[in-house]
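Asker: Okay, so TrEMBL annotates it like this:
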type     : residues : note
TRANSMEM : 12-32    : transmembrane segment
TRANSMEM : 44-67    : transmembrane segment
TRANSMEM : 129-150  : transmembrane segment
TRANSMEM : 162-180  : transmembrane segment
TRANSMEM : 186-208  : transmembrane segment
TRANSMEM : 220-240  : transmembrane segment
TRANSMEM : 252-268  : transmembrane segment
TRANSMEM : 315-337  : transmembrane segment
TRANSMEM : 343-367  : transmembrane segment
TRANSMEM : 379-397  : transmembrane segment
TRANSMEM : 403-423  : transmembrane segment
TRANSMEM : 435-459  : transmembrane segment
Amino acid sequence: MPKNINQLKAGTALSYISMVLGYVISLIYTPIMLRLLGQSEYGLYNLVSSVVAYLGLLNFGMGSAYIRFYLRYKVNEEKENIAKLNGMFLMIFSAVAVIAVLGGSFLVFNAELVFGTQLTADELDTAQILMGIMVINTAISFPNIVFKSFITANERFIFQKLLDVLRIVANPFLVIPLLLMGFGSVGLAIGSTIILITMEVANIIFCFRNLNMHFSFKNYDFVVLKEVIIFSSYLFLSMVVNQINLNVDKFILGRIHGTVVVAVYGLATQLEQYYMSLSTAISGVFIPRVNKIVSTSNDNNILTKLFVRIGRIQFILLSMIASGLIFFGSPFIQMWAGEDYAGAYPVVLLLILSSTIALIQNIGIEIQQAKNMHQFRSVTYFIIAIVNVLITIPLATRYEATGAAFGTALSFILGNGLLMNWYYHKKVGLDIILFWKEIASFIPALIAPTIVGVIAMNLVDLHNLVFFLLFGLLYVSVFIFSIWKLGMNNYERDLIGVPVLRLLRRIGFIS
């Protein structure tokens, strides 16, 4: 157990190191990339990736299913059944990879049918090349799901997060030379594929050398296969919903308005992904723990305490970023990405603010899956996602990127804010009233930073870099001080304070 706890703590720490590193690199790399590519080329890359992403649905959510059934066998030390499970999943994902190549080939040879008439002849040619590379990228990733899931199930978070750090650092050093050589958006795709292959090979080597992974390709338990299919079918619906919410807006905008509008929306979604990563970095490492609680005691009181504890920590981080974006986001985007991307500000606000409820409760998704109670979420989200598409088409036609984001935001609020909270409370057994009381306790701590933000937004020229940095630093300082004094409980102060004090002692700042 201590080893697992150390993996958990180190994995979480490395998650945030990789994120901070990613943000720092992105601050430097993204403006260079945007200017080397140009707005139309960046929009084209986003448009093509939004289409190819749907091939990722072919994994049917079976990565989560693998972890569930692996842990069932591991509790009873059924090594032979684990080997059979590994073999069965590897065969399934290999078959899926072949299907992805066939489906992707159809997309490549029918690019004009897919993207409509808004693309130029040159853009269509480039789109076909991009799709070809991205299809290969997607197909390669499928068999590796088994190895990544095996590593996660064994709680080897340090290795996984170190790979994330290496990927983040390697990406700009590989892509920028390709862009300087004139490869354009194709260079982005080539760079991503090279990095992916390297990561996949590393996962495979680690599984065999360090985790002694075994495979058996005979005497499959078809009863288990049936359970996997039933379990994964609802996860598949959730994946469809996620793909619709993440990518359908870009596809609709591309067909109606072309690549420039897609570029604006694409930048906003890139910022949204950074925001989401703050939340998932915490909840992701608790997946095995949730499954263990459910498989042993299934105690809703323990699960509620975990749900609240993780949600509070996530809210502290996300509220600082979201509120800072409200006050400083517009000048930041214009200075960072360029004035051509000013329209990304309202888009990213709509996406980020509407997704916050789900992000501070995303450990609840793992609780549902561990309890095999995720069917309601999947069906509900699927219906809402279809409504989202129907709303987005007229809104995107009239209001472009902002209209598309508004349609998606409505679906987030309805699905995550209302329906899922009712389901968590009434059916899953989590105390949602307690959860929101705990979140509401942060309100007094948010008053002081809000006052600073309003003053800066209305009385200071934040397009001046010096003023932007000074007032941004002031805002963050006031936020941290206020949250520390008025918002955090003792557990949260210790969670942050103890490691900071330990670090300060090591580097000699305090004795």
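Start at 1 and count along the chain as shown; that gives each residue its number.
Just so it is clear, glycine is given a Cβ too, placed from its N, Cα and C backbone atoms.
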Asker: So, does the transmembrane segment (252-268) come close enough to the transmembrane segment (379-397) to give 3+ Cβ pairs below 8 Å, pairs being at least 6 apart in sequence?
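Answerer: By the criterion, they touch.
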Asker: Might you confirm whether the transmembrane segment (252-268) is in contact with the transmembrane segment (12-32), defined here as three or more C-beta pairs under 8 A between residues 6 or more apart in sequence?
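Answerer: Not in contact, no.
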Asker: Looking at the transmembrane segment (252-268) and the transmembrane segment (162-180), are there 3+ C-beta pairs under 8 A, with each pair at least 6 apart in sequence?
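Answerer: No, the transmembrane segment (252-268) does not contact the transmembrane segment (162-180).
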Asker: So if I exclude everything within five residues of the ends of the transmembrane segment (403-423), which remaining residues of that chain have a CB under 8 angstroms from its CBs? That is, six or more out.
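Answerer: Contacts with the transmembrane segment (403-423): 245, 249, 252-253, 265, 268, 346-348, 350-351, 353-355, 357-358, 361, 364, 376-377, 380-381, 384-385, 387-388, 391-392, 394-397, 432.
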Asker: Where else in the chain does the transmembrane segment (220-240) make close Cβ contacts, counting only residues six or more beyond its ends and a cut-off under 8 Å?
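Answerer: Apart from its flanks, the transmembrane segment (220-240) reaches 56-57, 59-62, 64-65, 68-69, 81, 84-85, 87-88, 369, 372, 374-375, 377-379, 381-382, 385.
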Asker: So what's near the transmembrane segment (129-150) in sequence-distant terms, Cβ-Cβ under 8 Å and 6+ beyond its ends?
Answerer: 44-45, 48-49, 51-52, 55-56, 58-59, 62-63, 66-67, 70, 86, 89-90, 93-94, 96-98, 100-101, 104-105, 107-108, 111, 160, 185-186, 189-190, 192-193, 196-197, 200, 203-204, 206-207, 211, 213
